[in-house]
There are 2 protein chains.
Amino acid sequence: MRPDVFGGRAKCLQRLIRLKMPVPVTVALGFDAVRAIARGQMPDMAAIVFPFGDAPLLSVRPSSLDPDWGGPGAILNIGMCDALHQKLTATAGEAAATALYLRFIQTYAIQVARLNPDAFDFDGRSGLDTLGIALATFEAEMDEPFPQDPAVQLSEVLRSMARTWEGTSARLLRQAKGAPSDAGLGLVVQAMALGVGAGDSGAGVIQFVDSQTGAPRITGRYLGQSQGREAMVADGALFLTRDPRGPALEQQNPEIFAQLQAFGQIARKRLREEMQIEFTISNGALHIIDAVRVPRTVQAAVRIAVDLAQSDVIPRAEAVHRIDVQAVTALLHRQVDPTAPRDLIMRGIAASPGAAHGKLVLTAEEAQAAAMRGEAAILVRRETTPEDIRGMHAAAGVLTQRGGVTSHAAVVGRGLGVPCVVGATGLVIDRRGARVIAPDGRVIHVGEVITVDGSTGEVLAGEANLREAPLDDAFRTLLSWADASRDIGIRANADTPRDAQIARDFAAEGIGLCRTEHMFFEGERIGMMREMIFAATSGERREVLDRLLPMQRQDFVRLFEIMHGLPVCIRLFDPPLHEFLPSDRAGMRDLADGLSLPLADVIARVEALTEYNPMLGLRGVRLGITVPEIYEMQARAIFEATVAVVRGGLSVTPEIMLPLVSARREVQTVRSQIDAIASAVRAQSGVEFTYRLGVMVETPRAALRASDIAQDVAFLSFGTNDLTQMTYGLSRDDAGRFMPAYLADHVFPADPFHTLDIEGVGELLQIGAARAKQGHPSVTLSVCGEHGGNAEAIAFFRAQGFDYVSCSPFRVPVARLAAAQLAIRERYDFPSASGKYL
Amino acid sequence: MRPDVFGGRAKCLQRLIRLKMPVPVTVALGFDAVRAIARGQMPDMAAIVFPFGDAPLLSVRPSSLDPDWGGPGAILNIGMCDALHQKLTATAGEAAATALYLRFIQTYAIQVARLNPDAFDFDGRSGLDTLGIALATFEAEMDEPFPQDPAVQLSEVLRSMARTWEGTSARLLRQAKGAPSDAGLGLVVQAMALGVGAGDSGAGVIQFVDSQTGAPRITGRYLGQSQGREAMVADGALFLTRDPRGPALEQQNPEIFAQLQAFGQIARKRLREEMQIEFTISNGALHIIDAVRVPRTVQAAVRIAVDLAQSDVIPRAEAVHRIDVQAVTALLHRQVDPTAPRDLIMRGIAASPGAAHGKLVLTAEEAQAAAMRGEAAILVRRETTPEDIRGMHAAAGVLTQRGGVTSHAAVVGRGLGVPCVVGATGLVIDRRGARVIAPDGRVIHVGEVITVDGSTGEVLAGEANLREAPLDDAFRTLLSWADASRDIGIRANADTPRDAQIARDFAAEGIGLCRTEHMFFEGERIGMMREMIFAATSGERREVLDRLLPMQRQDFVRLFEIMHGLPVCIRLFDPPLHEFLPSDRAGMRDLADGLSLPLADVIARVEALTEYNPMLGLRGVRLGITVPEIYEMQARAIFEATVAVVRGGLSVTPEIMLPLVSARREVQTVRSQIDAIASAVRAQSGVEFTYRLGVMVETPRAALRASDIAQDVAFLSFGTNDLTQMTYGLSRDDAGRFMPAYLADHVFPADPFHTLDIEGVGELLQIGAARAKQGHPSVTLSVCGEHGGNAEAIAFFRAQGFDYVSCSPFRVPVARLAAAQLAIRERYDFPSASGKYL
């Protein structure tokens, strides 16, 4: 029975029947049959009811391909009529019989006859009087008595369910959830095992693992004299296993309980999944009514998959395959407890996942001060600049008024693993008043606690309940299995020892991008940088840089030690020099004091370095060539650190990457300079070492000329952020001003800084990769932009023959999993394993 | 005789001999023979001297492929010795014979024997005593007497000239001038027709056109009893034709003069060129010694080529082919008289050709005020912004401290035809002191006159002598012939009626790029724009734009009227909105007053609109989609102007171009909006009209997706400026900071904003053009960036099948000529016609 002809529920029931479970007689109507019914062509009812023989009551349940698509609700107790009421009164008692009949009349009147629900709301009343009112009301509304012929009842139910499915509102609803326009509905007609009546009768639900954790634990409820899933919500329902809170089925009916356990084992092994089973006990006999996949959190999904593989129910690769990569991302960050109340202040753009709360601060300095006091702080800025990085590092979360998902705050936030919400455009920051004003006029003062949720973009008042990120044993096991299947490397973008340690912990295979800018910003270093910028001669510049050299060398030594044995790819200095200068008058005055220069000179220098379009200006390799002393110092620091680490007995092969290259000659110019320094350090130290030189491909021109450029380097690493900016002519820092409107109007299908633009940027990547291999067949190809950790992007890079992707350390586990799934899906044809049905 | 075997002079002499001109006996040594001589392998001297029989004296002249490559000087009077001195004393007199001998000894000693020139400087003394000293000095220095055997003299001369050519300094010198490393030297040995001696003897030079203007006019000089070209510099030389300033050869020797005229006619017709002829009269007989192309200015070159074609000496296409496109550019702008003295203050980057002088002003307002007083002004700014445009328009020239060849000042300057020097980085602008300070400390106050030369980048003190741009009849004739051959269209970039009129005068075939920004800046309009920016609702924006509408409509009416019958391609609004807001506090205060808003609101709005990278921000079609009221107003203004012009009986098909497109959906979004307005205007006016919609391809993505995008448009116009910026990741406004260093170090072979980067940007153009044709075979392809008028770039666009190029109106003539030459060179194999030789 194919699920795409009869739907998922029918398919699953068939499998239960084949496993010889006591499933009541079941007839499935396929999609085509239901479509015919909707058009008024009823099937041969006699043929349908024939298998049921003299079964007193039937149920009809929907069976679409994906239950999330919605559809008509199940209808039970079809066949109830005056005669059966009388009969059941004898066997099950008047109260039970009347309740059954009354409930059926209600359901039928509202769902099938489409009568006004209010008219059939008896407000909990029951009994024969109420039943009489119900029958009379039906007859009054319909001008005919309540149908007494079970065949008529059934055909009306089928017609009604088929038409509901084809109705416009149901159609729009399911298409909004991704259903195709021709999505079909199957119907499952089943003889009802009555949970009411003589002897032990009742209904319940059982599962064998915990939905939250995935750990083995029997959960569920059972309620005597009930139908369907009532037990799950009813007071007084039994627990299943012995429980201090109340009586349990295990005690009351150990035999039935043992049968259920046995069926659970069979289902787990043969359906290769943890199932939630709906059962009925009818006059002492157990019936299995339905079974669905145990609903589960991501954490539970991982545990269940790992347990199934460890008990040899599924292969390890299938366990890896089953985990939803998107959902797993949530595992890696703290989140706002979805069950706790939330006091929403406003929404911005979710820019760096995870949630955090802390006292509101408005400057990087305050954030650092709070961190020193051991207090969590949420740093709120109009936008962040490199000068804010230490404050961002110190903050528990960041909120900015401006910017998009790839603004400075967002990129740094993701890099640091700091939750971040950006583009909160309605927020007013009143620095003088030491407060912010929300769009609804609410005022929050500095020092008051707020919560930012970088996974949803929400900003909440007060300290919301958070849940910890559980990177548990099961997940680690799963990732190790993923690595066994994976065929593209995963490195991390890591600038600091802290990042490097996270990368190593998350089993990144090296550092794919170590930005060195922060090594010029921290502490007293920025002062030296400013001195260098104001130096009049190359000699003076060199003198200042010589003082920075030992600090950078030490930075590299620590990185190399943490990453020993793994490659570390260091990008040489990239930003424009003006980022190191103060932008406000007070800062310039301080600088003038510090350098003993006239303020006018400082202002003039700052103005002279200001650029119209810093992204497209004097930075990267252009600065490396124009002010060669910087790269010379960095190369020396890297090589001397290499020597130090090698002397310490560790192995290291540094990789040096040149940013913003657009022509081969740029590479050659810097290469000869760096080679000379390597030779000098080798000669001075007497230690032999090698290094690999590479280029960061960020300009369209570098991609187009990759065949040339590759001939001078060992690796090319594609920086998709900048490449996207230049391919679109779109600054990621300025995109926020119109991107929301563009996405809302579907001008762009997605934010290209978030979802790799395969059609445009992707073609340049493809061209660049192919040409690089042409020019230098053994060249290493990688990607180190924001897209590196994204599952669809990884699929693309893998298809283009890239050697590795590099992403934020926090995304390394997701990337490992996503990459493994790609390889697995290419090798095996495992069934898709999401949704409610098997 | 092939010039690449024997050199140009030998080739030309051979042609003169074939024309039966009285050329003395001549023997040519080819490149290989001279190379052998340099290696010490002398040829059979008897064979060389044999043809000369008993000729008393010989000359040897160099004959390389291009005389500009330098090489050894000519050596005359070879064969002078004691015996001949005696003999000549008898025939020509003692003084003449001694002078000849003395001069030969000097030449031989210095050029051949490489003796110290000072030892042979006789300071104008002559006579037998001096001759004796010369011979004795030679003998003392060389330890042997001056060679008396003519064969020895000749072989030494040949050896010396051959070795000089192969020497390192000569080699480096000529390679710097573009000579190939294996450039050869030929030598021409000629019997001398003695211009000294008995009877009518002397030497002279004659040409039949004016070197400055190219007009027919015999010029030259003749000096009796002289050799070589002495007549050209000697006092007392004869004029050739009757001249009030002195006696003329025409009077003194009408027969010889008539012969010269006849030879001139023959040379012109048979050599198909205006030649300058060197002649000697030897004892009453005329000898033709040498002939070279008449040296000429560009203006003269045009006149000569046109005259040759009009007298059917050469075809018109060859006349077009002969003109050097680069040189012609100079014709179109005023220039500093190269012969006048110049007082150089400093050098900047030549950004908009032409020279101008005027009083120094430091603000756009002062420039406008000066213009109203009828005074020429040179506007000096740190850099220019759109607010300066009216001032630039009013100024005679512009000088900026910052920026490169494609900075705002440079682009606007070229567009306006205003001479402009940018990147004068050493200049200090002291606004408070109303003065500027040059790098050498010189102070120039506001109101003092300076001269800027936008062709050379020079800034001169005072009012330098300027020469007018002569777009004369000959040039117009040549261009009309060029158009007959041309097979790619030439349009002009023109924003204003003034530009349009120049474009029309220069026979542009339409406007290829009409930027509309200025229509929002002029006069009171910028105030309205600011009102619009501060408008709170779409309705308010529309209300303000409705007031701008009639003004823009009138702008378009004037353009359409001037260009009637020709296409006008209008680019919709492109710049970011913040360009319309004041950037300084005073301007913001004024604006706050004008809008009756709190200053804080104005500051907040300005800050909110500020962008990190305006080039990559909210502008172009992004603004058109985000603030749709602007494009709606513009489309309405264009269509209503069309209706008005059509009603006036003129024909017009407006073309509307969308800037900064990166995705097809952007085009579709705006297209439906504009279509609706066209329908509305048609319905309201009852006038039928059509329009063509197109896209400006400026982002790499638009080029990559051209197949898609082309399907929705009638034309694609490639904006090479922005495409270059984005392909390189390089802002043209910021490139000036390192481009000079990059060019000096050959990191980039050329400034890509100046010379189209065929390898990188060119490939995107190629991809874009090919895909556009694939997606929409009849789509029109054009280019409207700064490169449009550049000859090499035109060759590239023509090869890629572009329909037209659009360039600054002032470059239209050059572009017409360059494009014609490309077509001609593809069809005919005319000889190259530059250099001194034929």
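We number each residue from 1, going along the chain as drawn.
Glycine residues also receive a Cβ, built from the backbone N, Cα and C atoms like all the rest.
The annotation active site, tele-phosphohistidine intermediate is assigned in TrEMBL to A:HIS408. The active site, proton donor feature in TrEMBL is assigned to A:CYS784. If you look up TrEMBL, you'll see A:ARG515, A:ARG571, A:GLU698, A:GLY719, A:THR720, A:ASN721, A:ASP722 marked as substrate binding site. TrEMBL lists A:GLU698, A:ASP722 with the feature Mg(2+) binding site. If you look up TrEMBL, you'll see A:376-457 marked as domain 'PEP-utilising enzyme mobile'. Summarising the annotation, TrEMBL assigns domain 'PEP-utilising enzyme C-terminal' to A:474-822.
Proximity to chain B, defined as a C-beta distance under 8 Å, is registered for the following recorded positions out of A:ARG515, A:ARG571, A:GLU698, A:GLY719, A:ASP722, A:CYS784: A:GLU698, A:ASP722. Taking the mean position of the Cβ atoms of A:ARG515, A:ARG571, A:GLU698, A:GLY719, A:THR720, A:ASN721, A:ASP722 as the substrate site, the remaining same-chain residues with a Cβ inside 8 Å of that point are A:LEU513, A:PRO659, A:MET696, A:LEU723, A:CYS784, A:GLY785.
Sequence-distant neighbours of A:CYS784 (active site, proton donor) (same chain, six or more apart, CB under 8 Å from its CB) are A:ARG491, A:ASN493, A:GLY512, A:LEU513, A:CYS569, A:MET696, A:SER717, A:PHE718, A:GLY719, A:VAL805, A:SER806, listed in sequence order. Between the candidate binding-site residues, A:THR720, A:ASN721, the densest Cβ environment within 10 Å is the one around A:THR720. Each residue contributes its Cα atom, and for A:ARG571 (substrate binding site) and A:HIS408 (active site, tele-phosphohistidine intermediate) those atoms are 18 Å apart. The DSSP secondary structure for A:THR720 (substrate binding site) is helix. According to DSSP, A:GLU698 (substrate binding site) sits in a coil region rather than a helix or strand.
Annotation note: A:CYS784 (active site, proton donor) sits in a coil segment as assigned by DSSP. Under DSSP, the residues of the domain 'PEP-utilising enzyme mobile' (A:376-457) split into helix, strand and coil as follows: 18 helix, 26 strand, 38 coil. Residue pairs drawn from A:ARG515, A:ARG571, A:GLU698, A:GLY719, A:THR720, A:ASN721, A:ASP722, the listed substrate binders, are separated by up to 15 Å at the Cα level. The 10 Å shell around the Cβ of A:GLY719 (substrate binding site) contains 26 further Cβ atoms across the protein chains shown. The two recorded residues A:ASN721 (substrate binding site) and A:HIS408 (active site, tele-phosphohistidine intermediate) have their Cα atoms spaced 12 Å from each other.
The Cβ of A:ARG515 (substrate binding site) has 21 other Cβ atoms within 10 Å, all protein chains considered. In the predicted model, the domain 'PEP-utilising enzyme C-terminal' (A:474-822) has a mean pLDDT of 93.
It is 15 Å from the Cα atom of A:HIS408 (active site, tele-phosphohistidine intermediate) to that of A:THR720 (substrate binding site).
The sparsest Cβ neighbourhood within 10 Å, among the listed recorded positions (A:HIS408, A:ARG571), is found at A:HIS408. Taken residue by residue with DSSP, A:ARG515 (substrate binding site) is part of a strand.
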